[in-house]
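Shown next, in structure tokens, is the structure this report addresses.
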Amino acid sequence: FCLMAAPGKVAAFRLPPLPTIGEIIKLFRLKALKQLSQNFLLDLRLTDKIVKQAGELKNAHVCEVGPGPGGITRSILSAGVEQLLLIEKDARFIPGLQMLSEAAPGKVRIIHGDILTYKMEKAFPKHLKKNWEDEPPDIHIIGNLPFSVSTPLIIKWLENVSKRDGPFTYGRTQMTLTFQKEVGERLTANPGSNQRSRLSIMAQHLCTVENCFIIPGQAFVPKPEVDVAVVHFTPLVQPKIQQPFELVEKVVRSVFQFRRKYCFRGIETLFPENGRLKRTEQLMMTANVDPTLRPFQLSMSQFRNLCNAYRKMCDEDPGLFVFNYREELRQKKTTGSLLESTGQPEQTEEENQL
């Protein structure tokens, strides 16, 4: 439905009169499921504000993740998008979304599926593809994510950014997503911050990450126990750490394994027990990293040096990358259980800490 425009001007898209989101919830007897960590946002001023953080959406192609009763969906359509792809796992919301689809003929495509398994490589028209070095394509991902799925989903998408696949086969696709306030703070935390974490490094080495604004918990139905952060991601032309995603993830995860201890304690877990101390010293010396820094104090360039030095060691010893510290602990525990039957101690300090 388009309003008639004055001669020479493009008609602005307007949704026809529709039931409010609250009325849609009553009409279809929708109820937020706690086990799916669902929270509805009914205030269209806030949904408009979220959509505004995505940037210029006129004639853009947008994928909305988990639209639920369709509050953000309305704001996206009102922004004048060309096409809107809705991916919704919960079948209860489909009838309400179909009502929106009928109010915006030819603009909305609804997929009943799970975003964690949905293949986004073919979600948009081929002509939208841009080279990675170019400006981002006219494609956006927007979503008020359930808390239970937000962290695994952003890790999956960061891996896609690193490999330039999934939604990033089209170029540096931008994302505007909601997270628990604490997760939003982790995503954007600087060195030295108590919120600095594995998530901070993985996100910031691949993307420009902006914590846009905070939505108070009472704006949602039902009210969650925490406030919600709206975070915007734009993939970088060049990642800050130019190593494979799996290698960076392994090094960063190891460093933060003992976040309150000196960083060398976590780095030790990259190496088998035989020769562990010597190889840890070698890695830290090559990377020029002070072993007495805490994990959250390390800068991005120090993480880059650690990853580059570890890659060199893995190239020299191909079996090193597949070493699993936890598996080594499990084997020690099994051996310890056997020793316990002879009256010898079983538990290790490492196991207690893990």
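Glycine too: its Cβ is placed from the backbone N, Cα and C atoms.
Curation plays no part in TrEMBL annotations; they are all automatic predictions.
Quick look at what TrEMBL annotates:
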BINDING   N39, L41, G66, E88, D114, N144  S-adenosyl-L-methionine binding site
DOMAIN    46-237  domain 'Ribosomal RNA adenine methylase transferase N-terminal'
REGION    334-354  region 'Disordered'
COMPBIAS  334-346  compositional bias 'Polar residues'
For L41 (S-adenosyl-L-methionine binding site): intrachain residues, at least 6 apart, with Cβ closer than 8 Å: T47, G71, I72, N144, I215, A219, F220, V221
Winner by Cβ contact number (other Cβ atoms within 10 Å) across the binding-site residues E88, D114: E88
Pairwise C-alpha maximum, in angstrom, for the residues (N39, L41, G66, E88, D114, N144) that bind S-adenosyl-L-methionine according to the record: 21
Residues that sit under 8 angstroms from G66 (S-adenosyl-L-methionine binding site) by C-beta distance, when 6+ apart in the chain: I87, E88, K89, I115, G143, N144, L145, P146, V149
